[in-house]
């Protein structure tokens, strides 16, 4: 690893790591927790169950201490909506409220700053049954939940409303890996995204109206799309993909409306798939009021895509095994994902392309100059790892170190070019339950033996600990 370029970080730059409630907590039937959409779906359809997952519900103190001991200054985590409100229209669960206070206080005790998401892919089952984000009545339910958390957990100073809007909508209504498992329903996917942007805007307005101390934003998983070559049709396909996956969300967040260019290309995709979405009267006024009140911009980045024009039947193959070459994506009028020679991929077919992160950061600076401070709250790579033989053995995950270092280098390079990015969070703190892959897809800085729940240190954790400060 002697060729690594990142050996130190700016003194004021925040280095953190991340988790999500349903992927780490376990304890899915403990202390009055309600039922979310995954509890039902996984029980009926999956060989993998998220209990005990990483047992964070009981081991949070150990995991937060590990983060602090290895130089991590912040932890992104989420609150389980159905722990706080087992019945989304009912009363708050005191046991859950006390639990999350203990978690946040543990963070502060260890000098680890909590960054907290309200919704991380885990809608209540009752919300799913009533249309999830397609039903605007559920926006009101979300605002009630957000208001309670903003006012209750005053020790939290960094709030995220919704995590990865497009990833959620695409998983539910395009690829079908997430409940309700619909396929290529473009109307539903885009409508859900718009409604989530509206819900986010209303939550931001609520945050400021309540006079809450701290910062608030939402999290977008941004994936740049590059034409596979210089042919005009592939350039246009990459443009449409970018509007669908990135620009639609960025416009809605930072402008509070969708630009003419965004709507033109989005409507091309929708019309080709006999789809549409509705912007109701008053939506854009709310979004415009909220846009300048976002006090941080939060993005996740894992990969970029290389695009070729595609006109035909919609098809997607999802790689759930980690055997390379099993994934594919073809969406009429949007494009086809293709591999570019020389660009490495993970075992799950994700392109490893740090330049895409740099390009996206520069683009945000140039196209949305009004953006607030940026935090990159997920970046990391999955590996297939096995339990070490010795109790104190260190797991060699040099590939992860290389991945993190390459992307962190691009973040620091973007800072040098004037991008106001002040933090980088590694996904993930410990190995976790994966929504669609179960337990063989390991992202953690710390290995979890799921049978005993023992934590083993990986080399990546030691590399992070060894980073110096300028």
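A Cβ is built for glycine as well, from the same backbone N, Cα and C atoms used for every other residue.
Per Swiss-Prot, the D-galactose 6-phosphate site holds 23, 163, 164, 300, 434, 435, 441, 443; the candidate it also names there, chosen from 120, 200, 208, 265, is 120. Listed in sequence order, the binding-site residues near residue 378 (active site, nucleophile) (C-alpha within 10 Å of its C-alpha) are 300, out of 23, 300, 435, 443. Within 10 Å of the Cα of residue 164 (active site, proton donor), the following binding-site residues from the list 23, 300, 435, 443 place their own Cα: 300. Residues near residue 300 (D-galactose 6-phosphate binding site) in space but far in sequence (CB under 8 A, at least 6 apart, same chain), listed by position: 164, 219, 220, 221, 222, 376, 377, 378, 379, 427. Taking the Cβ of residue 23 (D-galactose 6-phosphate binding site) as reference, residues of its chain lying under 8 Å away and at least six apart in sequence are, in sequence order, 50, 53, 54, 428, 432, 433, 434, 435.
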